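Annotated features, as they stand in TrEMBL:
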type	residues	note
BINDING	Asp112, His152, Asp160, Lys354, His359, Thr401, Asn440, Ala441, Arg479	substrate binding site
ACT_SITE	Glu245	active site, proton donor
ACT_SITE	Glu439	active site, proton acceptor
Amino acid sequence: MTTMTRTTALGGLGEKTSAYHSRCFFCPHFPFLNVLESAEGASKVWRQGANSAPAFCSRSAIQSPRAIASEISTTERTLGVVTVDNVLEDGDKLVKDLKELRAAGVDGVMIDVWWGIIESKGPKQYDWSAYRSVFQAVEDCGLKLQAIMSFHQCGGNVGDVVTIPIPKWVLEIGESDPDIFYTNLKGNRNPEYLTLGVDNLHLFDGRTAVQIYGDYMKSFRENMSDFLETGLVIDIEVGLGPAGELRYPSYPESQGWAFPGIGEFQCFDKYLQAEFKEAATAAGHPEWALPDNAGEYNDTPESSEFFRSNGTYVTEKGKFFLTWYSNKLMIHGDQILDEANKVFVGCKLKLAAKVSGIHWWYEVDNHAAELTAGYYNLKDRDGYRPIARMLSRHHAILNFTCLEMRNSEQSADAKSAPEELVQQVLSGGWRENIEVAGENALSRYDSVAYDQILLNARPNGINKDGQPKLRMYGVTYLRLSDELLQKTNLDIFKIFVKKMHADQDYCPDPEKYNHHLGPLERSKPEISIEDLLEATKAEEPFPWDKETDMSVSGGAGGLVGLLSNLISKILALFK
């Protein structure tokens, strides 16, 4: 489970004071704070980066004509709250942890709803019983919930402490047709998620992959209709790839990848190879093939012919491939989100999709790690704003990662720039007039990390006269864990939640902080690839303040934050 915090601009001083709240959970209108849970129990914190998690939200309202508040939601994401055998494990501990979160001012939790658990017995054989118990516990504790439609495997990525494969009957199809899985140049298969090459092929008991995902979401709506009607479920994050993220599995730890390797292209299954051949032939270049010179998982960019200075990636052939590779990813996300929108249209909730924060090699010209993941992002080409434009047609939130990271904390060898990456992606979303949310990539309990999240949630601070010019819809904290609930860590976490709320008290009514959640509208008409690619024009990000104006380590509670940091550093010396 995860904890989510949302930051919203609500009203100004005087009669509109409550409008300054920001919510804390993964919802479309605010930055959230999500706490995810691990296998050891419902109290574990959610993963970051490559993994997705459940999130809880917490709301705060402005009770006096003070600064605009950001509401914060904490979501606990539990990877193992429901076991691989579809059993709710240790419900008493779950309830205890949920009550702790609620007492901390959290708005809600986010939780993975695993395809590999629900449809494990066979095609269209769904069992929602254990998840109904979890949802009921969340509702009874007065929290809101963001549900992740998790069509990927849990296990093999950062923070995965349990293993939940995709359904056995799907894996059995893969035994006779291994090309249903993403494949690298050497032919290594990745069973984390079905290749987008089978999205529209009737290979699964007569259904396509997209139809499978759509049927699963229909069953969710039918079986969770009461929780949808009561307003418990406020967000549906749609899993679109490995770790639930819209990307290719370019950096799998299960195949030996280690940070900061550039990763590998994942388009060598027979279905994507055939599609590329068709596209190249239609473009007048039947002789072009998929790249065979892009290196291996742990290479550096300059060691590969494809990514080196003036390498293949800047040639006509390289540009054609990278455009095709990234466009396929956008089309994949667009199709599945359209199915989700059809299923949930009319429900009072938001759709969301997660984009991975691949910050390593961002400072070099080739952006190699982003390119292998499917984000065709260069200094003169924006690879993220087209995704935001695609999301806009489905009224969906863009959920991004690595909010807590600072450049100064990264190894110089990785040429990493998480701060600039976050600013670029969030700015692109705001320019497309969509809500943006985010999460931390790694579990952190110090005020430095919390302050960075707060800065990104409100890049120009609170606004005492109206809505903040820039503000995230929500922040998800990863993850809910026994370590987070230790007194020292929990004390500083509570300060963080309070700061996400701009020092305001909890407010259960989102209307009071300008966070109306109306019925989901039907997707807008399909956007052509040409129109999507118009958004690749590079622009400077919006300006960010140097520091947050709601620091966890400053002002009220600052001593607790400073002592917590000191204790953490001392304990780290003995690890």
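The backbone N, Cα and C atoms fix where each Cβ goes, glycine too.
All protein chains included, His359 (substrate binding site) registers 26 other Cβ atoms within 10 Å of its own Cβ. Within 10 Å of the C-beta of the residue listed as 'active site, proton donor' there are 28 other C-beta atoms, taking all protein chains into account.
Sorted by the number of other CB atoms within 10 A, the recorded positions Asp112, Glu439 start with Asp112, the lowest.
When Cβ atoms from all protein chains are considered, those within 10 Å of Asn440 (substrate binding site) total 31, not counting its own.
Residue environment of Arg479 (substrate binding site) contains 37 other Cβ atoms, counted within 10 Å of its Cβ in all protein chains.
Straight-line distance linking the Cα atoms of Asn440 (substrate binding site) and Glu245 (active site, proton donor), rounded to a whole number, equals 14 Å.
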